[in-house]
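K.L.:
According to TrEMBL:
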type	residues	note
TRANSMEM	90-111	transmembrane segment
TRANSMEM	123-145	transmembrane segment
TRANSMEM	166-191	transmembrane segment
TRANSMEM	211-236	transmembrane segment
TRANSMEM	313-331	transmembrane segment
TRANSMEM	363-383	transmembrane segment
REGION	413-437	region 'Disordered'
TRANSMEM	456-475	transmembrane segment
């Protein structure tokens, strides 16, 4: 990142770029040379919010948990550096340190989740090793909330699989405080409770009165948990309403002149002053998030379907194909399970020998979640963000990639492992060690070192991961379109 940022000139992008109000010192300039490429595009919003709060209306598209964490680290752990660095530099350093931590924890959470859901330590291990070379990797490293969100979401899914519903709700709730799409995770809680009640019905035990009592208990628990996941989103919309729609008279005096001038030049809406309120304040349900997406970024159903956007659709094509392929593979392998919404207990589960691998019953809700994100992102969002949208939200991208590599790659079944790697959809249990004796072998490194001899499918898959990993670093860090 530092090398590409040094060698290539930054593109003059029409992106949010607030003026610096204090002169940088020598240590600030050095930090900018080393890490400045990780503060591009939306990272400017997060760093600005952490430094000055929600000053502009469109800042409210970025949720508060990550900026608050940046400020806490900058004011806490990095406080001794404040004598050498200005606040913004400390915030950038905080972002890099936090995302290094969260991306590592997210990979560990993905492995643990894969062990429980896939019932295959080898498949989970391979998927977790694909996470560090994710095609969305630059967003995991830059001052974005993707790494934090991935860790919270994957850990919450793991807790739910272990039966820790309330702890899972807390983690899902925190994830909703980091990114807006976290509210979709409420579907995991709904499905878990629905499946629990469906299994009780299939058991056929108890009277009608008892079943009604169980239904009411499950419904009340599900409603409370889903409300907990939605609460951060609702509270943040209320905060934005108070800040931009409430009667304010003082904020204009405390906004520095260069920032007021930026609002005039770019048409940004400042906090409510002189009784002037944004149009969304008068809506029956004033939701600033949807208003910002609509007005500032023209996000909406089919709005991105224009000829000039074809390059962005091509950019999103690999992850779109991979997501559709994953849904098709799972659906064709488990048609009855999909038609019953994963609520029917299968015979193999009753016998205590559930299927292992990507096509096992427990993967159903994750495939549905990934497919919903894919369809919504493709038709309703700026399509080029699909790669990071799925890469930071769903384990399916990594599970299915690991599944394809295991199915097609003979090198993963070569000597030095515990034995042949069974195909994940074969129904065999793969609860074997990921490597041979001693330290586990890294299969991803093994494939990359033998790139010329691996299968065409493996080349395409790893080529997609590595190419996007490298291109993202070069293009994003120089303000070129890679968002």
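Backbone N, Cα and C define each Cβ position, glycine as well.
Would you situate these features in the structure and describe their surroundings?
P.N.:
Residues 31, 35-36, 38-39, 43, 46-47, 50-51, 69-71, 73-74, 77-78, 81-82, 124-125, 127-129, 131-132, 140-144, 147-148, 150-151, 154-155, 158, 395, 398 of the same chain, all 6+ positions outside the transmembrane segment (90-111), place their C-beta atoms under 8 angstroms from a C-beta of that stretch.
For the transmembrane segment (123-145), same-chain residues at least 6 beyond its ends with a Cβ under 8 Å from one of its own Cβ atoms are 1, 37-40, 42-43, 46-47, 62-63, 65-66, 70, 91-92, 95-96, 99-100, 103, 106-108, 110-115, 178-179, 318-319, 356-358, 387-388, 390-392, 395, 397-399, 401-403, 405-406, 412, 424, 430, 434, 440, 442-444, 464-469, 472-473, 476-477, 482.
If you look at the transmembrane segment (166-191), the same-chain residues 6 or more away from its ends with a CB under 8 A from one of its CBs are 61, 63-66, 145-146, 148-149, 152-153, 155-157, 159-160, 222, 225-226, 228-233, 236, 289, 341-342, 365, 368-369, 372-373, 389, 392-393.
Sequence-distant contacts of the transmembrane segment (313-331), counting only residues of its own chain at least 6 positions beyond either end whose CB sits under 8 Å from a CB of the stretch, comprise 135, 338, 358-359, 363-364, 367, 370-371, 374, 378, 383-384, 386-387, 390-391, 396-397, 399-401, 403, 464, 468.
Long-range neighbours of the transmembrane segment (456-475) within the same chain, counting only residues 6 or more positions beyond its ends whose Cβ lies under 8 Å from a Cβ of the stretch, are 1, 4, 8, 37, 130, 133-139, 318, 322, 387, 401, 404-405, 408-409, 444, 447-448, 481-482.
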K.L.:
Counting only residues 6 or more past its boundaries, what in the same chain has a CB within less than 8 Å of a CB in the transmembrane segment (211-236)?
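P.N.:
Residues 60, 63-65, 165-166, 169-170, 172-174, 176-177, 180, 182-183, 185-186, 189-190, 193-194, 196-197, 200-201, 289 contact the transmembrane segment (211-236) from elsewhere in the chain.
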